[in-house]
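Now, the feature entries from TrEMBL:
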type	residues	note
COMPBIAS	39-59	compositional bias 'Acidic residues'
DOMAIN	120-690	domain 'Major facilitator superfamily (MFS) profile'
REGION	1-69	region 'Disordered'
TRANSMEM	118-145	transmembrane segment
TRANSMEM	157-174	transmembrane segment
TRANSMEM	186-206	transmembrane segment
TRANSMEM	212-232	transmembrane segment
TRANSMEM	244-267	transmembrane segment
TRANSMEM	287-306	transmembrane segment
TRANSMEM	400-421	transmembrane segment
TRANSMEM	546-569	transmembrane segment
TRANSMEM	576-597	transmembrane segment
TRANSMEM	603-623	transmembrane segment
TRANSMEM	635-658	transmembrane segment
TRANSMEM	664-682	transmembrane segment
Amino acid sequence: MDDPYHNNVNQQVTEGGDYTYTQDGGGQDGYPYQTDYPPQEEDAASDATEGADDDDQMYEGEYQGIPHPDEIKEARRAARIEARRKARQAAQQEQEEESLPEQYEAIMEDCGHGRFQWMLFFVLGLALMADGVDGFVVGFVMPSAEKDMCISNADKGLLGLLVYVAMMVGALVWGGLCDKMGRRKCLIYVLAIDLVFSFLSCFAQGYGFFLFFRFCSGFGIGGSIPIVYTYFTEFLQMDKRGEHLSWLCMFWMLGGLYASFTAWGIIPHYGWGFAIGSEFQMHSWRLFILVCLLPALAALVGVVFMPESPRFLLESARHDEAWMVLRQVHDTNWKAKGEPERVFTVTNIKTPQTQEDEFIEIQSDTGTAFQRWTVRHVTMLQQVMANIMSLSAPELRLQGLFLVIIWFCLAFSYHGLGVWFPDMIKYMQYEEYESKVRVFHRERVERFHFNFSLVNQVHREGEYIHDKFANIEIKSVKFEDSLFENCYFEDVKSTNTFFENCTIKNTVFYNTDLWQEKFKDCRMENTTFLHPKKGCHLNFQEENDIVIYMVSFLGSLAVLPGNIISALFMDKIGRIRIIGGSMLASSACTFLLLLSFSQGAVICWQCLFYAVSVAAWNGVEVISVELYPSSKRGTAFGILNGICKFAAIIASFIFAAFIGVTKIIPIFLAFAALVCGGLLALKLPETREKILS
C-alpha cells in the first residue's frame, strides 16, 4: 500500500489478543484505532476539535470504568495529605493527654487538701454507709418478715439471692454510666432509687411486692461503691490518696454498726407499730427499714450541693466548668486555712476533644427533641460498651485479670465466712436447745386445764381427754401418735409446733393459729375450727435473733483497728504489701476456726478474721482506682465490684451447705482462696507514687 498514513503505522498485539496501531514520529502519544476506520482528513479533524481545550478531551477509558491516571495520582496525593494530618493530630492529642495527668496533679497540689475534701469525705462516706446498711437489712428483717408475710425457706433464699444479683447488676451498670454521665449525677440517681424503693418496701404487705422493691433498691445502691471511690479519688493529690481512701472505707464499717445497733434496739419490740384492719400492718421490722434510710437521705442531700468531678469534666472537654470547680476547691481550702488572698493562677488547661464528643455535639443540635434525646442516649450506651471492651487492651489485660482474681478470692472467703459465722452460731444454739428437750411417753392427762406455756417438748403416744388449752404459747413442741378427745383449744399461739399421726376427736379450736400445715397425717373426727388465725405470726421473744444482732455488731466493730492501721501505713509501705500481707495473715486465721467448739470461740475468731482482712479490702479498693485511666476508672471498678458480688453469691451457697456437716471444707476453701489472692497480689504494680492517668 502506498498510502503515506499506513506507511507510518506499526501493528502491535496486546495481551488480550487485540490489535492496536501506533503512529511513528512526531513524539506524539499513541492512541488506539480501529483498523477499518477510514483516515480522517486534517481539515475535518480540525473542525471536529475546534473550540475544545486539551483538558476537556474525553478519556476513552471512562467508557470501561477505568480512572484517568491523573485522577489516580490526585487521589493518592490527597490520601497522603490526610494520613499526615491524622498522624499530626494523633501525636498532638497523645502529647496533650500525656501532659494532662501531670498538669492536673500540679493543680490539685496548688489547691491543697483541706475543708473541701473533708466536706466531700463526709458526704461520700454517708453514701458508702448507706451501702453498708443495705447489706445488713435483709438479713436482720428476715426472721421477722418471714413470719409476718409467711415466707417459706425457698422464698427466703430467693430474696437474699435477688438482692445480691441486683447489687451486682447495679455495680456494672452505674460504674459504666458514671464515666459518661458524670460521677455526681449518677450518684444522685443511685441514692434516689435506693431511697424510693426502700421506702416503698416498708409498706409492702405481700412478699411479691417486697421482693420487687428490695430488688430495685439493691440495683440502685449497688452502684454507690464504684462511684464513691472514683469520685473522691479525683479530688485527691497523689500523696493523700492511699490514706484518705482508707479512711473512707471506715464508713462501710459504720454502716454495719448502725444497722446492727438499730436492729438490736427496734426489731425485738414487736409492739412498736400499728395496724389498719387486718390487711395493713406496720410492725417493728418495717420501722427498722425506715430508720435505715437516714444515711442515704443525708448523703443525697449532701451530694446535691457538691460539684462534679473536675477530672471527669476535663475528660469530657468541658474546660470552663472544670476550671470553675477547681477554683472553688482552691478558694475553699485556702480561705479555711486563713489565706483568702491566694489567687487561683491556672488560666488554661489543654484537653483533647474526642470524636465521640464532636459527634454528640453535632447530632444533639439537629432533629426533633426526641431524636436528639435518642441520639445522646444511644451514643452514650455505645460508648459505655466500647469502654468495657477497651479494658481488654494489651496494656490493661494482665493487670485486669490479676485484679479480677484477687477481688474474687477475697470476696469469696470474706462473704463465705460471713455467712458461715452466724449460721454456725445458730446451729450450735439449735444443738444446745435440742439437747435440753423433754420427752413425755405414754402420758394420760384427763380433765386438766393447761394455762402455762409448753416449750421444747416431745409427747409420744399420749392421751388427752376433756382437756383445755387456753391463753398459752406452744413453742417447739411435737405431738406424735397421740389422742385428743373432747378437748378445747382457745387463744393459742404456736411456734415450730406440729401434730404428727395423731387422732383428734370431738375437739374445738377457737382463735388459734393451729391450722392445716400444723397437722401431718392426722385423723380428724368431728373436729371444729372457729375464727382461725390464718397466716404467720411473729414470735417476738426470739433470743437467737438478739444474739445475731450482737454478733454482727461485734464483727463490724472489730474492723476498726484494721481500718486505722491500714490507713496509717497505706502510703508508707505501699498497697501491694498491705494486700498481700493482709490476705496471707487472714488465711492463717482461718485455721483457728478448727478450734471453734463453742459460740464464744466462733465470735472471737470472727472478730479476729474481720480485723485482719479489712486491710486487704482497703488496699484492693485503692489500687483499683489508681491502675485505670480516668475515662475507664468507673467502668473498671464497677466490673470488679460486680465480680465481688458474684463471688459472694457463690460463697453463700457453698458455705451454707456445709453447716452441721463439716467445718473442714469451708475452712479449706477460704484458706486456699486467700493464699491464691495474696500471692497474686504481689505481682501487681505499686501505685502509691503513680499520677492518675
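Glycine residues also receive a Cβ, built from the backbone N, Cα and C atoms like all the rest.
Given the structure is predicted, the values throughout are model-derived calculations rather than measurements.
The average pLDDT the prediction assigns to the domain 'Major facilitator superfamily (MFS) profile' (120-690) is 83. Of the recorded ranges 546-569, 576-597, 635-658, the transmembrane segment (212-232) has the largest number of C-beta contacts under 8 angstroms with 635-658.
Note: the stretches the transmembrane segment (186-206) and the transmembrane segment (287-306) are in contact (3+ CB pairs below 8 A, sequence gap of 6 or more). Spatially, the transmembrane segment (287-306) is not adjacent to the transmembrane segment (635-658); fewer than three Cβ-Cβ distances between them are under 8 Å for residues at least 6 apart in sequence.
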